[in-house]
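Peer 1: Take this structure first; my questions come after.
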Amino acid sequence: MFCIVSTFTSRASDLKRHQMKHTGERPFACECGKSFTHSTSLVRHNLTHTGERPHQCSQCGKTFLTSGELLLHRRIHTGERPYPCSYCERRFRCSSDLNMHVRTHTGEKPHSCLFCKKGFSTSTRLKRHMRIHMDKGVGMESLSLHSVTPRAQFKKFHLDLNDPNLKIPHFTI
């Protein structure tokens, strides 16, 4: 199964969760008004209200919300970099850093602009690019490499894209 809006491909159950990014569906809500696509995100968010950071580093005392964050932090102390690049000698502490690095070798750009179809290696670079369209109006004719839209205006646009009434089709092969 694949998503026609992005390059996501996976099992049907994963695709349904992924579609929430495009449709804006956020079924897990906190009393403070924030909502999330995954129950685990809500659980993590709830810790921000209590201030609880239950996972502590035994070496430096720094605390973390999750055991996964603590595991990554410990690698700073141990120097462990278990994720090697198959193209060069570099190694990484976490798989996501490796995946982003590998794209420098492969040229893969899995994040595409909805307006001009330009590809980007990271979602952060795509979001920065989208500000170009928002600054002068939507469309290829308005591209400007020097324009930057204020974050609040971009956020408003992003929320509009995630309107729950917005119907974005997904197809099964």
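Glycine is treated like the rest: Cβ placed from N, Cα and C.
According to TrEMBL:
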- 28-54: domain 'C2H2-type' (DOMAIN)
- 55-82: domain 'C2H2-type' (DOMAIN)
- 83-110: domain 'C2H2-type' (DOMAIN)
- 111-138: domain 'C2H2-type' (DOMAIN)
Peer 1: Taking the domain 'C2H2-type' (28-54) alone, what is its mean pLDDT?
Peer 2: 90
Peer 1: For the domain 'C2H2-type' (55-82), what does DSSP give as the number of helix, strand and coil residues?
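Peer 2: Taking the domain 'C2H2-type' (55-82) as a whole: 12 helix, 4 strand, 12 coil.
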